[in-house]
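Look at TrEMBL and you will find 8-374 tagged as domain 'Glycoside hydrolase family 42 N-terminal'. TrEMBL lists 105, 143, 305 with the feature substrate binding site. Look at TrEMBL and you will find 109, 152, 154 tagged as Zn(2+) binding site. Marked as active site, proton donor by TrEMBL: 144. Look at TrEMBL and you will find 297 tagged as active site, nucleophile. The feature domain 'Beta-galactosidase trimerisation' is assigned by TrEMBL to 385-588. According to TrEMBL, the feature domain 'Beta-galactosidase C-terminal' maps to 603-652.
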């Protein structure tokens with residue numbers, strides 16, 4: 001097997017002469033898979049019920065005649081003008097009642113029956129025509145669900161929301177209880193009275209908004225399922241995710257896919273973008289239990305949608321691509337193959353830039369394609385992690401509702417802060433759902449778990465009681481699945497497990513900090529708590545009034561294991577001081593075991609995938625690392641010491 005290499009191709013923007021030239025250049029660059037048809041609906045179905053697929057068949061035949069496989073989109077990502085004119089009710093509506101018009105993309109209401117009928121019809125025709133084509137490597141349903149339109153507030157969506165609520169609660173009495181509708185006289189006497197949570201005079205019902213989040217994720221998932229149902233078995237099916245996206249519950253979505261695929265666009269101007277990218281890639285690998293995934297889109301250089309769009313250096317492109325492979329990707333694809341000359345993304349980089357075959361961008365495409373062939377032995381290899389981070393979309397959504405003690409809390413930023421010290425130490429990390437079997441992990445982290453059900457509590461308690469190590473972040477354990485406070489005081493469902501009691505929350509305004517004492521003095525931001533211990537021991541204390549001397553970090557023995565609680569927001573250095581002794585006591589291997597306890601200077605990423613050790617130098621300085629192996633990239637033996645130039649990489653086999 002070989003690593004997949006290629007990108008989105010939009011041949012409808014070009015003529016047959018360009019098609020043939022493109023395929024020649026693809027082969028020259030080592031491209032072996034192309035994504036087709038993502039935004040082709042207007043060409044595939046120029047009028048309702050009139051399908052023109054011959055041109056696409058010609059393209060697929062041309063690719064296959066040159067040994068290039070196809071990731072074939074169902075073409076349903078962007079409804080054509082004729083559809084909008086005939087079915088204007090299918091356009092999405094904002095919370096303020098504004099209907100979003102034709103002229104961009106993803107302009108559809110996820111609950112629209114007209115939209116779903118049309119997408120299923122097109123997907124059916126695509127399957128009938130191409131399901132048996134030898135070039136077909138994968139089906140690609142729609143594109144980047146939820147990117148522009150995650151929610152729609154039209155009457156159709158409201159009716160679909162009511163159906164969803166009826167299925168969830170069964171009776172109005174249960175819904176009224178779950179939503180706490182006796183507050184502010186919001187009690188309902190009929191399901192027909194319930195609307196989508198549109199713009200209102202003041203704060204709207206938080207449980208309604210939490211259920212709305214759940215519904216919106218499910219509504220888009222139903223669009224995906226409707227198309228998937230008409231695709232014949234035997235060919236893998238995917239839809240491209242968008243890294244650590246808040247709006248869709250990717251645990252539920254990934255269960256419906258055969259292959260997880262991701263679109264990743266780290267900012268070249270961000271000096272720490274590679275850390276965030278690593279975190280996102282670890283999530284993609286985790287979504288289907290460690291199964292290899294595909295980097296289905298990345299920018300070869302600059303994007304076109306940031307305020308300032310910096311290009312990638314050759315080293316950034318290469319290191320970023322290898323990083324995805326190191327963390328489980330079995331392919332590196334791009335948006336897009338040939339740079340467009342018109343449209344909203346004409347300034348977006350491409351594998352084949354506007355400068356053509358002689359451009360530096362294309363030469364980089366060719367060089368990496370050749371290098372990628374040397375990594376064929378890595379295909380299918382899996383990673384092993386001994387540390388897990390708990391990710392629950394219900395809790396994420398609930399945390400970011402309004403009317404909390406602080407509106408500054410963002411789960412993705414909290415988990416990024418906890419991930420960084422692990423990345424710095426080259427500790428492999430899995431992400432896990434709240435119902436995962438945790439027994440195999442030496443350490444489990446919950447940076448924030450605001451919403452905790454009885455089932456989640458029991459799972460965490462069972463893990464710790466059995467000898468596990470759990471670290472929980474602030475503002476956790478407080479509410480149930482309905483966003484109702486657990487009885488008995490804070491931290492709610494986790495009081496016994498953590499052995500603490502919280503009297504009050506003392507959040508910090510933006511830009512302000514305080515300090516805690518640990519093995520030194522460390523700054524904290526965002527959040528503090530008036531904490532007391534019941535059975536826990538104090539590990540660190542606040543240093544500043546009004547919390548001076550009160551516990552900030554605690555450790556509680558629970559059964560055969562231990563649970564730590566961090567009641568504030570520490571930076572990377574402070575978190576490292578907390579994690580370091582726990583990792584050492586748990587004997588978490590740094591790389592292990594085939595390559596031994598390999599260490600590296602700061603900024604050098606070590607990542608083990610199966611038998612292979614990836615060494616990625618994100619610094620501009622040369623480094624030496626004590627390690628033995630065979631470097632697949634240079635085809636050279638490393639006997640004891642690896643010398644690596646600045647911004648260079650190695651992939652070592654035993």
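Each residue, glycine too, has its Cβ placed from N, Cα and C.
Between the recorded positions 109, 144, 152, the minimum number of other C-beta atoms within 10 Å of a residue's C-beta occurs at 144. The DSSP breakdown of the domain 'Beta-galactosidase C-terminal' (603-652), given as helix, strand and coil counts, is 0 helix, 34 strand, 16 coil. Close to residue 143 (substrate binding site) in the fold, though at least 6 residues off in sequence, lie 38, 39, 73, 77, 78, 239, 240, each with a CB less than 8 Å from its CB. Cβ neighbour count within 10 Å across all protein chains ranks 154 highest among the binding-site residues 105, 154, 305. Of 144, 297, 305, all annotated as recorded positions, the residue with the shortest Cα distance to residue 154 (Zn(2+) binding site) is 144. Long-range Cβ contacts of residue 297 (active site, nucleophile) within its own chain (separation 6+, distance under 8 Å): 7, 8, 240, 262, 263, 264, 265, 333, 334, 335. Mean predicted confidence for the domain 'Beta-galactosidase trimerisation' (385-588): the pLDDT average there is 98.
Listed in chain order, the residues near the Zn(2+) site other than 109, 152, 154 are 90, 91, 92, 93, 108, 110, 111, 112, 153, 156, 157, each with its Cβ within 8 Å of the site Cβ centroid. Recorded residues residue 109 (Zn(2+) binding site) and residue 305 (substrate binding site) have their alpha carbons 24 Å apart, per Cα-Cα distance.
In the three-state DSSP reading, residue 297 (active site, nucleophile) counts as strand. Residue 152 (Zn(2+) binding site) and residue 105 (substrate binding site) are 15 Å apart (CA-CA, integer value).
Residues 105, 143, 305, recorded as binding substrate, reach a greatest CA to CA spacing of 17 Å. Listed in chain order, the extra residues whose Cβ falls within 8 Å of the Cβ center of the substrate site residues 105, 143, 305 are 77, 104, 106, 144, 147, 148, 345.
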